[in-house]
């Protein structure tokens, strides 16, 4: 059964802080941790099904896909390297979120978020200039470290 209510207050603030441009910018940067994680989930699924990407970085998967033109979608991409490419970001994010709590406790949120941002940018650069599969995997690991730091620091109390 739904219920409703309202709060009557005296109009005073419980927290005397102000919404400054710095606070607003910090909130936006903190929200980016979740945004980049969700963006990657959407992009990595689309990219790994692009024929040009598969042809260049995963030729065995591309050949198998061309040979078996069936409608069966189960295990279409059964490549350990492709699996490593996809899952490396998520595993790195998990591991770095565990490490990030210690780093945040020791050095503070600002440096932890800066470190996460630097790792994410480094991963984006490595992935942008990747010529080989191992470069893609290293780039995704760096992206995962950056995402893990950003998500953990955002939730740190």
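Backbone N, Cα and C define each Cβ position, glycine as well.
Cβ atoms under 8 Å from those of the transmembrane segment (22-43) belong to residues 89, 93, 113, 116-117, 120, 143, 146-147, 150-151, 153-154 of the same chain, restricted to positions at least 6 beyond its ends. Among the features that TrEMBL reports, transmembrane segment is placed at 22-43 (among others).
The average pLDDT computed for the domain 'Major facilitator superfamily (MFS) profile' (26-157) is 84. For 26-157, the entry in TrEMBL reads domain 'Major facilitator superfamily (MFS) profile'.
As annotated by TrEMBL, transmembrane segment applies to 82-100 (among others).
Sequence annotations record features per position, and here TrEMBL assigns transmembrane segment to 107-126 (among others).
What TrEMBL lists as transmembrane segment is 132-150 (among others).
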Close approaches to the transmembrane segment (107-126) from elsewhere in its chain (Cβ under 8 angstroms; 6 or more beyond its ends) | 29-30, 33, 36, 96, 100, 135, 138-150, 152-153, 156
